[in-house]
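Enquirer: Annotation comment: TrEMBL describes 23-48, 69-91, 111-132, 144-163, 175-194, 214-239, 259-279, 314-333, 345-364, 376-395, 401-419 as transmembrane segment.
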């Protein structure tokens, strides 16, 4: 799921979480709390997913609860904001970990990391456009690499703690920040690493007896991931002080240099594998699922071409290429933290709406069967926390990125009325030749034709 759940986010976020919380104790608390929140969110989704079995995730839930405008805005913000920025964040973290070993003792030049990130995007889009099989092989190999390196870090950390390197953990709450908004930002960065909990519903088709096993998978799976993340962070603190962690341009690499000295090259290599695999996984899952269900499902939509499939290779290449191009646009001006804030702001707005949809449908759609029932207080809590996560950082430190994000999402409405709602004939006349030209150029066909 998402970053295949146990994510390369753990190599990206520790620094930012520590920076926003200011001390070791709150930092570990945030990592644990993020895991709890992801578990609760996933339980809400489990009710929705078993109640409404149509594929398409949040899009379908929002459609059932609020109607087509909200659902359209969801697909617009997913395609224009969430996917490309997630892709850009992972590509940038890949670049940071790739370049750090070549610049010992200093931060790699920005130009280098950005060019590397663009190369990473180009490679992954190419792999995914060439073959679905190749992409999933790449995925399996990189996922194994990721689990291995997380294990290595945790074991090394335990060894260090046993040897008595506990001074960084001795008074954990010293220097903690108490600001309303910075805790929100710490959550943004922590939750980024858990992102993917909302995709556990996509596995309902493969589960035997999903009504029992889906909640089980959530209640066992996500807390296990949480435990891993907390242990990785404890391992980091057993090897370096908070200050050293904040100064490091790639935390896991610094950890490797300290702890695994003769073999310290292992860490950057495996982390690079892991982030590359995560970027590939993001593209693999999202693009296939989302583009096909969302865009193909709606006639008169402006971006029909995005749902088309390559004739020879049966991959959704227009969508992949579009995603890649947008991701490159996101990489050029921004850094990882700005992008994570931008991404999380939009993402949690949508998660909150979805949890609210659960509450709304308890009243408006009483007749639907609910094989997995999520306790109402959990849904209410998820809605409240989402509101906090969306509002707190803005109230505390208003940044332009939140404004851009909001304007960008709402600008989807400008396109909704002429193209989707009204379907003016001129929009068809404009789009048809463009679609035909692109079809010939990319050799793609509408997905219905090859089933």
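Note: Cβ is positioned from N, Cα and C throughout, glycine not excepted.
Keep in mind that TrEMBL annotations are predicted by a computer and have not been checked by a curator.
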Enquirer: How about the transmembrane segment (376-395) with the transmembrane segment (214-239) - do they touch, taking at least 3 C-beta pairs under 8 Å (6 or more apart in sequence) as contact?
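Expert: These two stretches do not touch.
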Enquirer: Could you pull out which residues elsewhere in the chain have a CB under 8 Å from any CB of the transmembrane segment (111-132), counting only those six or more residues past its ends?
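Expert: Contacts with the transmembrane segment (111-132): 87-88, 91-92, 94-96, 98-99, 138, 276, 279-280, 283-284, 287, 310, 313-315, 317, 320-321, 323-324, 327-328, 331-332.
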Enquirer: Which bits of the chain, at least 6 residues beyond where the transmembrane segment (144-163) starts or stops, bring a Cβ under 8 A of a Cβ in it?
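Expert: Cβ under 8 Å, 6 or more out: 4, 6, 8, 10, 228, 231-232, 234-236, 238-239, 252, 255, 259-260, 266-267, 270-271, 273-274, 277-278.
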Enquirer: Check the transmembrane segment (314-333) against each of 69-91, 175-194, 259-279 and return whichever range has the most CB pairs under 8 Å.
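Expert: Maximum Cβ contact count belongs to 69-91.
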Enquirer: Using a Cβ-Cβ cut-off of under 8 Å, list the residues of the same chain that are 6+ residues beyond the ends of the transmembrane segment (214-239) and lie near it.
Expert: 5-6, 10, 14, 24, 27-28, 31-32, 34-36, 38-39, 42-43, 46, 49-50, 150, 153-154, 156-158, 160-161, 165-166, 168-169, 193-194, 197, 200-201, 203-204, 207, 245, 251, 255, 258-259, 372
Enquirer: If I count Cβ-Cβ pairs under 8 A between the transmembrane segment (345-364) and each of 23-48, 175-194, 259-279, 401-419, which range comes out on top?
Expert: 23-48
Enquirer: Do the transmembrane segment (259-279) and the transmembrane segment (23-48) share at least 3 Cβ pairs under 8 Å, sequence separation 6 or more?
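Expert: Output no: the transmembrane segment (259-279) is apart from the transmembrane segment (23-48).
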Enquirer: Could you tell me what the rest of the chain brings near the transmembrane segment (23-48), counting residues at least six beyond its ends with Cβ under 8 Å?
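Expert: Same-chain contacts beyond the ends: 14, 17, 61, 168-169, 172-177, 183, 186-187, 190-191, 193-194, 197-198, 200-201, 214-215, 218-219, 222-223, 225-227, 229-230, 233-234, 237, 242, 351, 354-355, 357-358, 370, 372-374, 378-379, 381-382, 385.
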